[in-house]
Amino acid sequence: MATKTELSPTARESKNAQDMQVDEALIPRKVPSLCSARYGIALVLHFCNFTTIAQNVIMNITMVAMVNSTSLQSQLNDSSEGLPVDSFGGLSKAPKSLPAKAPVYDWSPQIQGIIFGAVGYGGILTMAPSGYLAGRVGTKRVVGISLFATSFLTLCIPLAADFGIVFLIVTRIVQGLSQCSILGGQFAIWEKWGPPHERSRLCSIALSGMLLGCFTAILIGGFISETLGWPFVFYIFGGVGCVCCLLWFVVIYDDPVSYPWISTSEKEYIISSLKQQVRSSKQPLPIKAMLRSLPIWSICLGCFSHQWLVSTMVVYIPTYISSVYHVNIRDNGLLSALPFIVAWVIGMVGGYLADFLLTKKFRLITVRKIATILGSLPSSALIVSLPYLNSSYITATALLTLSCGLSTLCQSGIYINVLDIAPRYSSFLMGASRGFSSIAPVIVPTVSGFLLSQDPEFGWRNVFFLLFAVNLLGLIFYLIFGEADVQDWAKERKLTRL
C-alpha cells in the first residue's frame with residue numbers, strides 16, 4: 001500500500017503524517033461493487049489458493065489409508081518423529097475395510113515424515129524467486145504454469161507411489177516447488193490491480209481460499225478414501241486443479257489496461273488510484289538495504305511465528321482430537337474441518353474491517369499491528385489453554401474453532417505489510433517473507449513429534465507452550481520494529497529534467 005508521494009510544500013510540512021494510508025482524494029465515495037473486475041480477479045485467486053492448499057493437505061488425510069497399519073504398529077514405539085500418521089484416529093484406528101484395489105505400503109513413521117516434509121522444501125527455494133519473476137514477466141504466466149504443474153503432479157502421485165518411495169518423494173518435492181511458486185507469485189498482481197485502500201479486502205478474499213481448501217480436504221478426504229480408495233482423492237483434487245488452471249488462463253490478465261471485460265469507469269478508477277503509487281522498475285534489487293532493514297526482518301519473523309501457529313493447527317488438530325477424545329474417523333473429519341470454515345468467513349470479514357478503519361483516519365501502521373495482534377495473541381493463548389480445559393471434545397472444538405478463526409486476521413496485517421513499506425519491490429519481498437515463514441511447516445512436525453514422543457503425559461502441553469512462545473516472540477519483534485512508511489531504499493528516484 002503506497003503513501004502520498006507528491007513533493008509539494010504542503011507534503012513536506014506534513015512529513016510526520018507520511019504513513020496516513022492513502023490520499024483522501026483516492027478514497028471512493030461509495031462502496032465498491034463486488035461484481036467488479038478486480039473482485040473477480042480476487043475470486044479466481046481464491047479458487048486457485050483453494051486448489052493449491054487442498055492438494056497440499058490431502059497427503060496428510062490419505063496417509064492413514066496408504067500405510068500398512070499392522071506392520072507400522074510395531075514400529076510406532078521406536079519412532080522419534082511422532083508424525084501425524086494417525087490423523088484420523090491413530091494407526092490402531094485405521095479404516096478396517098478399504099477398497100480392494102487401493103494399494104497399501106509398508107512405510108515407517110520416519111519415511112512418512114520425509115514424505116510430509118518433502119513438499120515444504122520447495123517453499124524455502126522458490127517463494128522469493130517466484131515473486132521476483134512474477135514482477136518481471138507477470139503473475140498470469142508464473143501462477144498459471146505452476147498451477148498446471150502441481151495439478152498434474154497430484155494426478156501422478158498414486159503412480160509415483162507404485163514406482164517406489166524415491167519417485168514419490170521427488171514428485172512431492174517438485175510439487176512443493178510448484179505450489180510455493182503460486183503462493184509467492186500471486187501478490188505481484190495487486191501492484192496493478194489493487195487500489196491502496198482496498199488491498200486488505202482483496203488480499204483477504206484471495207488468501208481465504210487456502211482455508212476453504214483445508215476445510216474441504218479434511219472434510220471429504222477421509223470419506224473418499226473409505227468409499228472409493230485413497231488414489232481417487234488425488235485424482236479428484238488434481239482434476240479440479242486442471243479445471244481451475246483453464247479458468248485462470250482465460251480470466252486472469254496482469255493489468256486492467258489489457259483486461260477485455262472491464263468497464264471504462266473501473267479501469268480509470270484503478271489507474272487513477274495507482275497514479276501516485278511507486279511503480280516497479282528494471283533496476284537491480286537493493287539486497288543489502290533489504291537485509292539491513294529491521295521492518296523487513298520484523299515481517300519475516302512475524303510471518304514465521306504465525307506460520308508456526310498455523311502449521312500446528314493444520315497438522316495436529318486431527319491428531320489432538322483423535323488421541324485425546326478418541327472420536328471416530330467421520331466425527332474427527334467434521335470436527336477437524338470446522339475451524340477452517342469459520343476462519344474462512346472471519347478472514348474475509350477482517351479484510352473489510354481493516355479497510356474500513358483506514359477510511360476512518362486510522363494510521364496505516366496502527367491497522368496493520370491491530371490486525372496482527374488479534375490474529376496472533378488470542379489464537380495462541382486459546383491453544384495453550386486446551387490441555388487445562390479438556391473436559392469434553394465440544395469445548396476443545398470450540399476453542400480450536402475460535403483460535404483458527406482469529407488467526408486469519410493476520411492476512412490484513414503482517415502478511416501484506418510489505419505492500420506498504422516497499423511497494424516497488426513488493427512482489428519479491430512478498431515471496432521472500434513467505435519463503436522465510438515456510439521454514440516453519442518443515443520444522444513443526446519434527447519438533448512437535450519429538451516433544452510428543454519424549455513426554456507422553458505432558459507432550460501436548462509442551463507443544464502448545466512452545467507454539468505460544470514462538471508466536472509471542474515474533475509478535476513482540478514486529479510490534480517494536482514494524483513500520484508502514486515507504487522505506488528510503490524503496491522510494492523512486494526521480495531524474496532531474498532540463
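Numbering starts at 1 and runs along the chain as it is shown here.
Each residue, glycine too, has its Cβ placed from N, Cα and C.
Record note: among 308-331, 428-451, 428-451 is the stretch given as transmembrane segment by TrEMBL. Through the fold, the transmembrane segment (428-451) approaches residues 79-84, 113, 116-117, 120-121, 123-132, 134-135, 180, 183-185, 187-188, 285, 290, 296, 299-301, 303-308, 310-312, 315-316, 415, 418-419, 422, 459, 462-463, 466 of its own chain, all at least 6 residues removed from its boundaries and within a Cβ separation under 8 Å. Most Cβ pairs under 8 A with the transmembrane segment (39-58) among the ranges 142-161, 230-253, 463-481 are made by 230-253. Counting Cβ pairs under 8 Å that are 6 or more residues apart, the transmembrane segment (202-224) and the transmembrane segment (394-416) reach 3 or more and are in contact.
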